[in-house]
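What TrEMBL records for this protein:
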type	residues	note
ACT_SITE	Asp19	active site
ACT_SITE	Asn67	active site, proton acceptor
BINDING	Asp19, Glu206	Mg(2+) binding site
BINDING	20-24, Arg32, His36, 64-66, Trp68, Arg70, Arg187, 193-195	substrate binding site
Amino acid sequence: MLEGLDPEKIPAHVAIIMDGNGRWAKARRLPRVMGHREGMKSVRAVVETARKIGIKVLTLYAFSKENWQRPQDEVSFLMRLLAEYLQKEVDELHQKDIQIRAIGEIELLPKEVYELLVQAIKKTSQNQGMILNLALSYGGRAEIAHAAREIARACLAGKLKIEEVDEALFASYLYTKDLPDPDLLIRTSGELRLSNFLLYQCAYTELYFTPTLWPDFREKEFLEALKDYQRRERRFGKLSEQLKS
Ligand code: IPE
Ligand code: IPE
Ligand code: MG
């Protein structure tokens, strides 16, 4: 069942920047949106594999705050696709004991999508098998600025002392407050950047970049990324020798 993986080293939290849908379509002379549609199949495959091998949290970067600047047709298509995903897949995710969550400025989503999302979150809130965390209208800097504002507000209201503001307290004001930091971050399509994703949380995350375009990233490619991760030594600033004792 573990497909050649070490069961002792399954990452608790995997985050994925699902990139390259447009290029996948372009290579086939198809409209960009066909790449997004094909990419949904990869979402299904990766969610299924993650659940099967016992990953606890899977965060998918589905739409960035910056993506609102794309042509309106493409934004609308992505929103419709998201609505379709929530309509068609939530029952199955629920059956698989998957809890849906979202991070980002989700109140900016079209009303219909927002409502479907809130319903899905509510319906699956008691599930324990895996957390599927969707980053929607998400920006890392916006998240950090939001946390800073909320902390300032709490200090001014006398609910928090300035001296109490440390790394852990700050993290507790982020959208990811009750989630572990990602152990592994995957980005497809060959781009070597974070594009404003989980900036605070990825301080010690292992990074995996692959030229594979998102619509071509399925179980086999995901397992390869996980095997690569399992070969790494995470030192967190210490020496290799210190880890073995
Ligand atoms: C990722 O694919 C999907 C989203 C950002 C929503 P892209 O649409 O960025 O595809 P490329 O990078 O143009 O190939
Ligand atoms: C990052 O991909 C956002 C998502 C995958 C949702 P982009 O394609 O938007 O990133 P940039 O603009 O190339 O950095
Ligand atoms: Mg892209």
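We number each residue from 1, going along the chain as drawn.
Placed from the backbone N, Cα and C atoms, the Cβ positions cover glycine too.
Feature annotations (TrEMBL) mapped to structure.
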residue : record                 : DSSP (3 states)
Asp19   : active site            : coil
Trp24   : substrate binding site : helix
His36   : substrate binding site : helix
Lys65   : substrate binding site : helix
Arg187  : substrate binding site : strand
Leu194  : substrate binding site : coil
Glu206  : Mg(2+) binding site    : strand
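Screening the binding-site residues Gly20, Gly22, Trp24, Lys65, Trp68 for a C-beta under 6 A from any atom of ligand 2 leaves none. Calculated from their C-alpha atoms, the gap between Leu194 (substrate binding site) and the residue listed as 'active site, proton acceptor' amounts to 14 Å. Taken in sequence order, the binding-site residues Gly20, Gly22, Lys65 that lie near ligand 1, meaning a CB under 6 Å from one of its atoms, are Gly20, Gly22. Of the binding-site residues Trp24, Trp68, Trp24 has the largest number of other Cβ atoms within 10 Å of its own Cβ. In sequence order, Gly35, Thr188, Ser189, Gly190, Thr212, Leu213, Trp214, Pro215 are the residues near Gly20 (substrate binding site), counting only same-chain partners six or more apart with C-beta under 8 A. Non-local contacts of Lys65 (substrate binding site) by the CB criterion (under 8 A, 6+ apart in sequence, same chain) comprise Gly104, Glu105, Ser137, Tyr138, Gly139, Ala142, Asn196.
Among the recorded positions listed here, namely Asp19, Asn67, Glu206, Asp19 has its C-alpha nearest to that of Arg187 (substrate binding site).
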